[in-house]
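Listed in Swiss-Prot for this protein:
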BINDING   36, 165, 226, 247, 248  D-ribose 5-phosphate binding site
ACT_SITE  93  active site, schiff-base intermediate with D-ribose 5-phosphate
BINDING   177  D-glyceraldehyde 3-phosphate binding site
């Protein structure tokens, strides 16, 4: 467990591992950038650039997509090496439904577990029961119903999915706009209409009412998938994201350290076009991308999950 996680637990006056503590830890990451890293050296670059957390994995999504095959939880030694290398929180991915991979990650002391569609699903009917763990979970969603189902399972953070490993931000935009539009729709409904909405969303009525009353999710909402430039990150913040995950876009680019710092600054100053213009200068080549609309449906990672 990182120092950041220990501090969050020590500050809490209630049971460690409770929904409130988990959500509170996620809240501390708001406004930040979480970066995929595959080595301790990359983790240090991300930390020095101002990342709020790192995601430890053996292959970034672009490589997973290019190499194909079954993608699983990363090697524990690799994850442990990254935990030892940095002071910021460390996340790691488990396959959808693979509760034993999640148990291993918790035993390793990661600060957050990502039940991730980037890896090959282990269960096509059931997601992990996240209430069984003290470690908080982040899960992806393409729409509000999916987000609320994951929250009902215990997710402490939601990220709009996008299409990982492409460098194409269009799906991230679509999913964030969809989630925000569905939240706004609930906020304008009469209370008796929310019963029907809950059925349409296939989500618990109590969560639907909470979203309608508050005009937002009960957990932190980040964005992910295809974010490759400072402008991409800033746009997603404008659309309602409370923070940004960046995967292949940093360490598949020409100048990772400079691009990482630029994306952090753009995320923090997303309302200032002059800052975004300044940090976007001289970044070198962005990652070589793939247009999402050219991908066969069977190759679209965001389609995984239900």
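If you go along the chain as it appears here, the first residue is 1 and each next one adds 1.
Using N, Cα and C of the backbone, Cβ positions are placed for all residues, glycine too.
Annotated features taken from Swiss-Prot, shown on the structure.
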residue : record                                                          : DSSP class
36      : D-ribose 5-phosphate binding site                               : strand
93      : active site, schiff-base intermediate with D-ribose 5-phosphate : strand
177     : D-glyceraldehyde 3-phosphate binding site                       : helix
226     : D-ribose 5-phosphate binding site                               : coil
247     : D-ribose 5-phosphate binding site                               : coil
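Between the CA atoms of residue 93 (active site, schiff-base intermediate with D-ribose 5-phosphate) and residue 248 (D-ribose 5-phosphate binding site) there is a gap of 15 Å. If you measure from the Cα atom of residue 226 (D-ribose 5-phosphate binding site) to that of residue 177 (D-glyceraldehyde 3-phosphate binding site), you get 15 Å. The two recorded residues, residue 36 (D-ribose 5-phosphate binding site) and residue 177 (D-glyceraldehyde 3-phosphate binding site), show a Cα separation of 24 Å.
Ranking the recorded positions 93, 177 by other CB atoms within 10 A of the CB puts 177 at the bottom. The 10 Å shell around the Cβ of residue 226 (D-ribose 5-phosphate binding site) contains 30 further Cβ atoms across the protein chains shown. For residue 248 (D-ribose 5-phosphate binding site), the number of other Cβ atoms no farther than 10 Å from its own Cβ, over all displayed protein chains, is 26. Between residue 248 (D-ribose 5-phosphate binding site) and residue 177 (D-glyceraldehyde 3-phosphate binding site), the C-alpha separation comes to 23 Å.
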